[in-house]
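Read the structure below first, then the notes.
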């Protein structure tokens, strides 16, 4: 099976051209196999791109535990670049169908004129707890106290196509993300589990964050998570509506547009390698 390995700000996936390739096994099993470090290719998961009548291509995302995700912001940006380079999308505006709906990506030139950056219309954030879903009271889940691992932290819950819970802390770098992340991911308040972000607002237009992703663990970046963090920061009165978001794997620019209510994410795409997976094990 031929593959392309790409990352957006360090959030890396194995991409398969489902227009022309056949998967050697069910996608859920393949995601586990290719994502394994040392024994596979090593990645945060698997993304399969296939034809779609309503868009330039359909993207299905599988975490490294084999579970299927609704949406991936960094992944859809990379997918748009691949669809363009494969010739399945014409022009620099690419439409990708995801399990969370249609996403439109504007490919942007880098310093060398190559279309390696992308601006994604991530749609409107979902704030009603029942629709996230989050089993918490009120019309919006802002600063809700949740207890896990003997600690009570305040979270703001947002869906960007998949559920997120954002906690603002003093120093994300020193925060026990790998200890508390999995506990809050499976907290009783989140019936479908949840992506957990720990963030610090360094200034009105600058935020630093780490993320524990549902089904993947801590990753170097999460596009939907970065969008959720900005929305949470605005709801808590901590930042402007446009910020530079700093993650362990790189930087994203996030805008929550007051005019149309949509969140826009701009960031890089990088092709690490291409090859053929033999699965000889």
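Keep in mind that glycine also has a Cβ here, set from the backbone N, Cα and C atoms.
Taken from TrEMBL, the feature substrate binding site applies to 11, 63, 73, 74, 162, 195, 213, 214, 223, 224. For 72, the entry in TrEMBL reads active site. As annotated by TrEMBL, active site, proton donor applies to 72. The annotation active site, proton acceptor is assigned in TrEMBL to 222.
Features per TrEMBL, on structure.
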residue	record	Cβ within 10 Å
11	substrate binding site	32
72	active site	30
73	substrate binding site	29
162	substrate binding site	27
213	substrate binding site	27
222	active site, proton acceptor	35
223	substrate binding site	28
Expressed to the nearest Å, what is the distance separating residue 162 (substrate binding site) and the residue listed as 'active site' at their Cα atoms?
8
Rounding to whole Å, the Cα atoms of residue 72 (active site) and residue 213 (substrate binding site) are apart by 11
Rounding to the nearest whole angstrom, report the longest C-alpha distance spanning 11, 63, 73, 74, 162, 195, 213, 214, 223, 224, listed for substrate.
16
Inter-residue C-alpha distance, residue 73 (substrate binding site) and the residue listed as 'active site, proton acceptor' (nearest angstrom):
7
Cβ within 8 angstroms of the Cβ centroid of 11, 63, 73, 74, 162, 195, 213, 214, 223, 224: which residues besides those meet this for the substrate site?
69, 71, 72, 75, 211, 216, 219, 222, 225
Expressed in Å to no decimal places, the gap between the Cα atoms of residue 11 (substrate binding site) and residue 222 (active site, proton acceptor) is 7
Can you give me the Cα-Cα distance between residue 213 (substrate binding site) and the residue listed as 'active site, proton acceptor' in Å, rounded to a whole number?
8
